[in-house]
Each structure stands twice: as C-alpha cells, then as structure tokens.
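Some features that Swiss-Prot has for this protein:
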- Phe8, Ser9, Gly10, Gly11, Gln12, Asp13, Ser14, Thr15, Thr16, Cys17, Leu18: ATP binding site (BINDING)
- Cys188, Cys197, Cys200, Cys203: Zn(2+) binding site (BINDING)
Amino acid sequence: MKRAVVVFSGGQDSTTCLAQARHQYDEVHCVTFDYGQRHRAEIDVARELALKLGARAHKVLDVTLLNELAVSSLTRDSIPVPDYEPNADGIPNTFVPGRNILFLTLAAIYAYQVKAEAVITGVCETDFSGYPDCRDEFVKALNHAVNLGMAKDIRFETPLMWIDKAETWALADYWGQLDLVREETLTCYNGIKGDGCGHCAACNLRANGLNHYLSNKAAVMAAMKQKTGLR
C-alpha cells in the first residue's frame, strides 16, 4: 500500500497537494501544526478539508514553542502584517524562522511511524516569496539529512515547486477541486477564508494567479501539464 503524509495548513497550496495525493496514493495522512499563528482559524479549516477530501487521519501537532522562538508578524499580534508591495526586497516580516525545518522534520517522523514513503509539501520557488525555506535546495538538503538521521528512505515531494500560482489553480481544477479551493481554503495572513483580505501578499499572489488562470485557462492548463507530466 502506498502511503503519504501531507503537511497541511488548509490553504490553497496544501489543499491542492492533498487533492492530488488522494489520486496518487492509497492512503493519505495530514499533519497540521499549531504554532500560535495569527491566522489560527486555518487549523479548523484544515480539519474540515482533511475530512472532506478523505484523509485517512489528520493530526494537529502542538509546536507553540516555535512561537516563543520565532518573531514574525504571523506569530506576534504587535507586528502588523504588511500590505502587498510588488517590488519589496529581502525577507518579509511574515517569514517564520525555522518553520519548514520543524514542520518537515516532524512530518517525516510521523511518516516513519505510519510507514509512509513520502512527505508532501506545497512550497514553491517559482512565485518566490522571499522565504529561504521554500527553496528546492533547502528541501533536498533537509530530506537528505532526515533520511540519514532515521536510516529510512522517506521522499520529500514538492509538486508545486516549479509551477506558478496560476498553474496551481489549474492543478486544482485538473483534480476537480477549483471551487473548493477557491471558496473553502484559508491562505490569507489575516485569517480570512476564501478570497481573504485582499491586501496582504498571500491574498495578492492568490488573486493574481486566479485571474490569470480564468483569463487564459487553456494555455495555463497546458503549461501546467507540461511542467508536471500530467495528461
């Protein structure tokens, strides 16, 4: 039996990954992390979506220690979430240091226990947000270290790594989940479901991608299929 673990936030990217995993694996587990994030509503959204999309199990892990160590606008109400700035340089204040290091490592430990062959994460380098822990180089390096540390061959899969946000919408549509992803996921840094606040970087990237996909469906779908190998 083929098993996978999805690092699952209930946002657009991880929900699209879950939708795909349900078609590619016999058994899919979801792991969601409570780190005291500003947008904690995502945990309830993740619970609902994991059930709706047929995950075998859904674990919510308490990692609130990360909140104490990592200062970010996503972990501190006193730090405002910035509006989208198209030409902003450097690492944004929404970056949570160590988040993906911790999430992927814990997901791999869980995968070890349930005998899953893959950990799936929705990180993406194409629409690079300034987060160093979303890079392909980082994921591969951590995957190598985790496998050495557990003497186990667990594969970190990044199905969105080389597709842009419009193509991610196309992927959701390919698996028949465009409306669900559009209406029921929570991507917004300010914790607003669906289309979100419309001002933060996450909402801007999501909306621009959706508009581009809806305006150029055939071309974007074809590009997504070419990059992912889907038919």
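Here the Cβ of each residue, glycine as well, is placed from N, Cα and C on the backbone.
Model, not experiment: these values are computed from the prediction.
Overlay of Swiss-Prot feature records on the structure.
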{"residue": "Phe8", "record": "ATP binding site", "Cβ contacts under 8 Å, 6 or more apart": "Ser14, Thr15, Cys17, Leu18, Cys30, Val31, Thr32, Ala46, Leu49, Ala50, Ala55, His58"}
{"residue": "Gly10", "record": "ATP binding site", "Cβ contacts under 8 Å, 6 or more apart": "Thr32, Glu42, Ile43, Asp44, Val45, Ala46, Arg47, Glu48, Leu49, Thr185, Leu186"}
{"residue": "Gln12", "record": "ATP binding site", "Cβ contacts under 8 Å, 6 or more apart": "Thr168, Trp169, Ala172, Val181, Thr185, Thr187, Arg206"}
{"residue": "Thr16", "record": "ATP binding site", "Cβ contacts under 8 Å, 6 or more apart": "Gly122, Leu160, Thr168, Leu171, Ala172, Trp175, Gln177, Val181"}
{"residue": "Cys188", "record": "Zn(2+) binding site", "Cβ contacts under 8 Å, 6 or more apart": "His39, Gly196, Cys197, Cys200, Ala202, Cys203"}
When the number of other CB atoms within 10 A of each residue's CB is tallied over all shown chains, which of the binding-site residues Cys197, Cys200 has the maximum? Cys200
Where's the emptiest Cβ shell within 10 Å among the binding-site residues Leu18, Cys203? Cys203
Work out the three-state DSSP category of Gly10 (ATP binding site). coil
What three-state class does DSSP give Cys200 (Zn(2+) binding site)? strand
Taking the Cβ of Ser14 (ATP binding site) as the centre, how many other Cβ atoms fall within a 10 Å radius? 26
Cβ within 8 Å of the ATP site's Cβ centroid: which residues qualify beyond Phe8, Ser9, Gly10, Gly11, Gln12, Asp13, Ser14, Thr15, Thr16, Cys17, Leu18? Val6, Leu49, Gly122, Thr185
